[in-house]
Structure formats: C-alpha cells, structure tokens
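Peer 1: Below: one structure in structure tokens.
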Amino acid sequence: MDSSVHLDHVMMKFDDFVAVQQTDLKIESGEFFSFLGPSGCGKTTLLNIISGFIEPTEGTVHIGGQDMRRVPANKRPTSMIFQNLALFPLMTVAENIEFGLEVRGVRKAERRKVSERLLNLVALPECRDKRISDLSGGQKQRIAIARALAVEPRVLLLDEPLSALDLKLRQHMRTELKDIQRKTGITFIYITHDQGEALTMSDRVAVMSAGKLQQVADPMTLYRAPATPFVASFVGENNRIEGKVVAIDGTQVTLDCGDLGRLSGHTQDSLNLGDSALLFIRPELLTRRTSMSDNCFMAQIRELNFEGAYLMIEATPLKSQQRLRIQLLSDLNLDDVATGNLIIFGFAAEDAMIMSGARDV
Amino acid sequence: MSSHSILKWGIRFYITLFFLYLFTPLIIMSAATFNDSRFPTISPWRGTTFKWFEELWNDSGMWQALGNSAIIAAGVLVIAVPIGVACALFLSTYRGNGKNFLYGLMLSPLLTPGVIIGISTLIFWRSLGVSGGIFLTMIAQTTFIAAYVMLMILARLQRFDRTLENAAFSLGASHFQVFRRILLPYLMPAILSAAVIAFLQSFENYNTTLFVKGHDTTLTIYIASKVRTGLTPAVNALGLILILITILFAAAYELKRRHEARQSQINPETDSEPISR
Amino acid sequence: MFKQLSERFGPWVSIGIFLLMFLWLVMLVILPQILMIDYSLRPNLPPSQIGGPDDQYTLKNYATLANNAIHQSIFFKTIWSSVLVTFCTLLLCYPLAYYLAKVATPRQAALCVLLLIIPFWINEILRTFSWFIILSYRGPLNALLLSLGFIDRPIRFLSGDGGVIVGMVYAYILFMIFPLYNAIESLDSNQIKAARNLGSGWIRTHYRIIIPHAKPGIATGCIMVFMLSAGSYAVPALLGSPGSRWFTQIIYNWFFEGGDWNQGAAYAFILLLLCIGFIVLMMRLFKVGLGDIAR
C-alpha cells in the first residue's frame, strides 16, 4: 500500500506572517521521518497541514498518491499523537482505543479484537478496563499509540509525544517507537525539537528554521555534512569561527580569523577572496598539538568537565574573546590539562567546514 | 492575652453571631409552625400542634399553585438550559469582533432588576397578543435564568482541553460525533447542575413572576399573598417543608459537586458558584 | 462567525447554537426592552385610538415623576435606602469573607460555605417572611425586649422603612459574601505575609493589599445588592407599610391598579437607568470591566 506523503509547493501564511515557506518534500512509504527545529520554526504548522487541521495557503498535499485538497482531517488516512496525548478522560482504556472504530460503525466484537491485539502490541493487556487517570505516564504514552494505530492509518503523525516524559522513560520509548514502526510498516512523521530523538529514531530528518527546510538527509549526513550554518550549529555541537577568505585552492579555503590567525577548511560554496565566511569544527575533531603549525592556535583552558569517556574543555584562544569547546578522550595523557593552562589545539583542514557568511541566519 | 488572640477570639465571636443572624429567623419561622396560635409567632407559646400541616394539606389553592410552579420550572429548565449551553459554546468558540458586546448583552439580564424583566416581557408579548399566564412566566424567567446557565457552562468549558476534540476528529469522528461523544459528556455534570439551579430559581422567583403571572398563581406568589391576607401558621408549615426540601437539595448538590471536584482535582469553589435571586 | 463555529461543531449543531442564541437575545432580551422604552414614550390611550393622531411620542410620562413630589421622595428614598443596604451588607460581609478565604482551615471554610449556601438557596419570600414574624407587633423581638425591660410597650417595627432595610440586608447579604469570598480567596496569601513582614499593620494590610485585590468582588457584590434592593418588590411588600412604599410598588400600581402601562413603563425605565448608572459608577470607582463582574 502506498503510504507516501508528498508536499507540493506547500506554503502557509497567517495574515502577514509566513509560518512555512514554500516547501517541496517527498516522504517515502514506511519511512520514519522527523521534522527537527526550534519552537516556532513552523514544524507543527506543517504537521497540521498534513493532518488536515489547517489548509495550506498554497500548494497541495498528497497522501498515498491521493490529492488531499478539501479532505478534512477526519477523512484522511492519517492519525495523530498529540503532545499532551489527548486521551479521553471519561472513557476507559479500551474505549479510547476503540473510539476510531466506533465512529466508523465497526461492530463491538470486531472492535474488541482490534483493541486486544493493540494492547498486546504495546504490552499493556491488563489495562483494558482501567480509567485513563489511573495510568502512569509511560502507559498513557503507549495507549495513545495504540489508539492512533487502531484506525489503521497509512501515516502516523507524532507531535513531540515524548516531551512530557522523564529522561529515562523518554530514551526507552525511543526504542519502542522505532520498534512499533518497524513492526507495522506505517509511515511515521515525527515532530521534535530534541535532536537526540530525531537522530536516533529517524530514517531521514528535515531540519527546519524560520519556516524553511534547511536540509533533508539521513542523520549521519546531517551530522557529517551539514548543508547550512544553521544545521551545522543546531545538529550536534559545533565551534563556529568567523573570518574572511584570503586563499582558495579548489574546495580548500583559507580564512583570516583575526586573533586566531589563518585557518583552513573545505567548502561546497562558491566563495571569492574577501568574502566573509564561517568555519565550523566539531569539539571531538579538535586535537592537542605539541607545537604550533598550520591550523593551530594557543588557548587558555577556562573550564573542565569530566564526562566519563571523555573530557569536555572550554578554552579561549589567546587575545580572543571566543569560547571554544574541545572534547578529548580521557585515556590520553591529560596531566597538563588544567584550568588556566595554555595548550595548543589544532585540526585537520578536511575536518573543518567553511560556509559563506551570506547564508548565515 | 496577646493582641493576636484577642483578634482571633473576636473574629470567632463575630462568625458565631453572623451564623446566628443567618439561621435564627429561619428557626423561629419553622418553630412557629408548631404553635397552637391563630397568628404565626412563638411568643407566647400556646401549646404544640400539627394541625397547620393538616390545614395546608387541605388547601386546594396551595396545590394549584404548587402545580403551576412545577410546570413553569420544568418549562424554564427545558428552554433555558439549551439556550445557556448554546451561548456558552458560542462564547468559548468565537474569536473576533463583537464578542465582548455579545457577552455583555448576555450578562445584562443578570444586572437588570427582576421587575423590569417582568414588565418588558409583559409589554412585548401583549403586543404579540400573548397575555400573562403560565407560558409568559416561563418566558420571562428564562430571560435571566438562561444567563445563569450560560455562566455555569462557560466556567466548565474554560477548562476544557480542545486537543481532545482534535484527537477525536483525527481518529475519524464527524463534527457531530465529536460534539456528542467528547464535548457533551464533559459538559454533562455542569449541565445537570445548571438544570437544578434553573429549576430552583424558577420555583422561587417572585419579582419577575409578579408581573407576568396573569391570573395564574405560583407557590411563591401564593405565600406572599397569604402573608398579606389570611395569614395563619399554615404558611409556616409550607415554609418549613420548602426549607427542608431546599436543604436536602443543597446538600445533595454540594456533595455531588465536591465529589466531582475531588475526582477532577479542581478547586470546588471556582467550579460553579451557586447563585439565586 | 458561523465559519468559526461550524469548523468546530459542524453545520447542524452550529445552526442550533445560533438559533437558540438569537432567539433568546432578540425575543427575550433586546426586543422587550426596546418595546418597553417605546411604550414609555407614548401616551396612554384607549385601544381604539392607538395608531391614531394622538398616538405620538411624548415625554409626558417622564414629566410625571418630575411633577410628583411624593413619587420623587419615594424614588430618592429607594436610592439612598438601597445604598444603605449595600453598605451594610459590605460591612457585615467583609470580615467573614476574609476569615473564610484566608484565616479558616480548608475544612472550616468548606463547612462555613455549606452553611452559607443553605439559606442562600431558600426562597427570598420565606427569608423575608421570617423577619415579618420576628418584627411583628406581638412577635418574639418585642416579647424579648419587653421581658428584658428595655421597653415598656411593643414597638411597631413594621410601620417604617427600618423593617424593610433590615429585611433587605438579610435577604441579599449572601450576594455580597460569595463575590467577596471568591475575590479575596484568589489573593496569594504570601502577599499578606510579605506585607506583615514589612511591618504593615492590620489596617494598612487590608487597605493597601487585600481591598485593592478584592475590588472586582466588591464591585460585583455592591452591584448585585444594590440592583436587588432597588428592584425588590417582595421585601417592601411584606415588611413595609402603606407609609413606606418602595419605587417598585409605584411601578406595580401603575400597571395593575392605575391601568396606565405607558406610565409604568416610563417609571420602570427610570429604575433601569438608575441601576445602569450605579453599575457604571461602580465600574469607574473600582476600575473594573464588565468581564470581571458576575464571574
């Protein structure tokens, strides 16, 4: 069954405010797809457009190849899991799960079969006749999933459903969600501002900012090859250094970064001499050096945080105000790494990414 | 004794006085029922009797008035509750121009003296050829009782989580199914409370009813007319019965309200304030 | 308007909502008031002449009040008595409301509220009637005062305005207590503690912290009690005498004894204006909006 979602020139305006800029996107059948972005980036609006709660100002949504124009939310082959779960408090667990079938006129015996199957799927068969208020947070979560699955949607829409849970449960539910998705083969569209959730569960992630899709890629690509300065700093940790282009050699570019001196990296942008540009280097790709050479700088250690497998360092390059974060494996010799000490750090040019300053947001 | 404890005892004394003030008149009135005196009083006490209940029982006028009151109250309940619910639903949904004006308009019957509601209803419906009587009394009382219902329903609606409606909708329910299966069950406790209040308000209304009753008499009108002409302790007997019924109602209503409040963990005092006029 | 509703409730329920709402507002709230005002501006004519040449708008019905000294004095007495009733109920209720909201334990408060609700639900006529018994010439109050030797012979309590005012305070006191209680209850108790901690005395704490916070409740209570007092027919009818008539009684007489509905409508409209004026005054005085009232 085709359960792809196709956004074609979708745009959303509220009065003068553009909540979602023109977007083209194809989410494949059976994919676990996430929209990742800070609050107010337009991801929830996009979800509401797919679910049919709001009509886009422009463009069309196709689900399973069918045009969804003028198809209201209750007629779409989607179902949604809400941030606050929105379980019906006056109904029992079973009534909640069976609600979608009940309103479709499915007979009681049939409904019961479905709810029993789903309660087994989410491993809560004993909760069938409980009241919603008697469930724990994690149980509510699973009942919400079961309820949404009961109507056999082609696409399941999840609006930050884990945000109300505590850390441990949240991490557990990630595996469980991924598991359910694999078992059912339904397309999952997941909304979150938590990159950990997006990167661990998703097949592909769309990073959004200011109503615009910044990059759509698998988690590995997002991390290794961010397409925009926003993605580079939003996904994972990154050090961001500003400079001016002073030399270009193919994809290798050298910047004059003021007090940090000249630093090189590679780029995919077309840059000209004198352009302002940004250099991104991840904390774990910065290493200790014994002597100054290319792509090196001297920095004073401000703060040390021991995090088990590695040591997180905050350091300020000499004469500069900038704070850089450096991650060192803790099995290295770290005797002279102490607050106040001066240490030389460096990185390989192929590990650093340079982007045009004009694309900064 | 410190000034703090003087204050504390002072306020206790005051509270006691206040409740004495509140209940003594009702107790005196009730006690007078049992006094074997032609005029309702407790001083002097001329011996204990139950004959006034008998006289009340045999008073056909009282039964007639009671019947009218019950019919009117039932009618008001049937008209005013749907109106109040509809207006509350409107106010909780509509966002835009004129909302404040409409809200003010809906509140206005509560801020209008009852006699004026009676008078304006009488004048308006006479121009349509309807004169005073049971029907017009229902209409006049509905004018302000619907506003009470509206306030009570609105109070509950304000705590309603609208994502529940979206959830039901996204599960495939039609608009009507969402209304019928999600919103209405949620509102039911408030609707029932409002129905009880509407019934009682109608039953005890005097000022409005006085102008629109025509030749029909309600129980409250009957009591007032008895006080002014032909007063005997039979009126007290009726009062005592009404008080006992009211206490029963009030206690049951209050217990139910608190029970619900505890279940939904909502502050019982803000849920629905009992109001009468 | 309709779109917003039908997006939530669907077309049929929305049509129902609009029908009920407009039927109520138009047929029961707006049109009757408009027709009452129209009536008050027309002369009282026999049915045959209605719509005839004499049926023209006139202020004659309003001039009646200006020219009738007795009606005027009753009108002003109604005003000041209602103000007095309002003031007395406020004074009596404030300490209790404060105690219930901030001093009493939750259990005590719950019990007290229940005890307040019971008389609140009891018929206004019955509550008034109970004072009729107490205040009557051969009633328990006179008997008590006689036996204690405070008076030599019974007092006719029911012949002046005193009885009416006492009865009204009793009948409407609960319309003051609940708004006050709700308003004071919503004040964060820490504010009171903070004020005390900063060295503010009891009077200053009330004057500067609690009363300003309770303004909407005070305004609501005052508006309700004034409106009920000025518009009361039951209490003066039961506890008053021919010598202590209330403005509503004059209105009633125009309708059912004088048979001049137009004149009655004019007086009724004056009463309505008085109440609106009081509401506006209270809203200005306490700087509250309509949204804060009747909460």
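Just so it is clear, glycine is given a Cβ too, placed from its N, Cα and C backbone atoms.
So TrEMBL lists these for the protein:
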- B:66-253: domain 'ABC transmembrane type-1' (DOMAIN)
- B:12-34: transmembrane segment (TRANSMEM)
- B:70-91: transmembrane segment (TRANSMEM)
- B:103-125: transmembrane segment (TRANSMEM)
- B:131-154: transmembrane segment (TRANSMEM)
- B:183-203: transmembrane segment (TRANSMEM)
- B:234-253: transmembrane segment (TRANSMEM)
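I'd like these features described in context: how deep, what's nearby, how far apart.
Peer 2: Below 8 angstroms of C-beta separation, residues 40-42, 48-50, 52-53, 233, 236-237, 239-240, 243 of the same chain, each at least six residues beyond the ends of the transmembrane segment (B:12-34), sit close to that stretch.
Counting same-chain residues at least six beyond the ends of the transmembrane segment (B:103-125), those with a Cβ under 8 angstroms from any Cβ of the stretch are 87, 91, 131-132, 136, 139-140, 143-144, 146-148, 150-151, 205-212, 277.
Same-chain residues lying 6+ beyond the ends of the transmembrane segment (B:183-203) with a Cβ under 8 Å from its Cβ atoms: 69-70, 72-74, 76-77, 80-81, 84-85, 138, 141, 145, 148-149, 152-153, 155-157, 160, 164-165, 218-220, 246, 249, 253, 256-257, 260, 272, 274-277.
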Peer 1: Using a Cβ cut-off under 8 Å, which residues of the same chain at least 6 positions beyond either end of the transmembrane segment (B:131-154) come close to it?
Peer 2: 68, 71-72, 75-76, 79-81, 83-85, 87-89, 91-92, 106-110, 112, 114, 117-118, 121-122, 125, 187, 190-191, 193-194, 197-198, 201-202, 205, 208-209, 211-216, 218, 272, 275, 277
